[in-house]
Amino acid sequence: MKVKYYMSTDVKTISPDASVIDAFVLMNRNNIRRLPIVENGKLVGIVTLSDLENVPINKPTTLNFFGTSYLLEKTLLRDIMPENREVITVGPDDYLETAAALMREHVIGALPVLENDKIVGIITETDIFDAFTRIMGFGNKDTTRIDMKLVDRPGELARIANIISDLGGNIANIVRIDLPGDDKVHLVLRITCSDPSAVVSRLKESGFEVENVNGKE
């Protein structure tokens, strides 16, 4: 799965010459927590809600709310942008796992998506979660989930597919999971079939280890 299928293309951006207040307002209006900073059509940074909330303001103790707001209105984003912060990006044709690995490595929650040095989207951790649940077939009420364990050897998946097909079923989703310390492969199947219990019985008769069906052992 590629980034372009899950990224948001309606990207809100902001100029480095915008104020901290401008950024706050734009985030609040669009219910977002991050804004790519674009200058002359080029991505030059990214500002997060956390960045804005931690803007250092030197003020006397008697400064009231209106004074604070005035200072934030006069403070530009370019003044608070870290000079050495690398903006981590991905391309629309990069794989989702690449984006997820970058987010994990750099402890960030979103990545601007660039194509020919132009920002064409943004992908967030929520987008990654959405992709994961879709890949796992979560929410598909017309399927039966079968959790299995099997020996990792050639031909096993073909045997499973043939059993399901012979009984008039179809595989809607299939996910392989390799767990540390387990020499067997964990398989999550979601199938469509008029009689899924017959499929489960045939799998067991054929020597396959069925752990549970729809979460039940």
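Including glycine, each Cβ sits where the backbone N, Cα and C put it.
Heads up, TrEMBL stuff is auto-annotated, nobody curated it.
It should be emphasised that the depicted structure is a prediction, and the values quoted were computed from it without experimental measurement.
For reference, TrEMBL has these:
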- 7-63: domain 'CBS' (DOMAIN)
- 81-143: domain 'CBS' (DOMAIN)
- 145-217: domain 'ACT' (DOMAIN)
(request) Count up the helix, strand and coil residues in the domain 'CBS' (7-63) according to DSSP, in that order. (result) 16 helix, 16 strand, 25 coil
(request) Write out how many residues of the domain 'CBS' (81-143) are helix, how many strand and how many coil, based on DSSP. (result) 22 helix, 15 strand, 26 coil
(request) Summarise the model confidence on the domain 'ACT' (145-217) as a single mean pLDDT, whole number. (result) 91
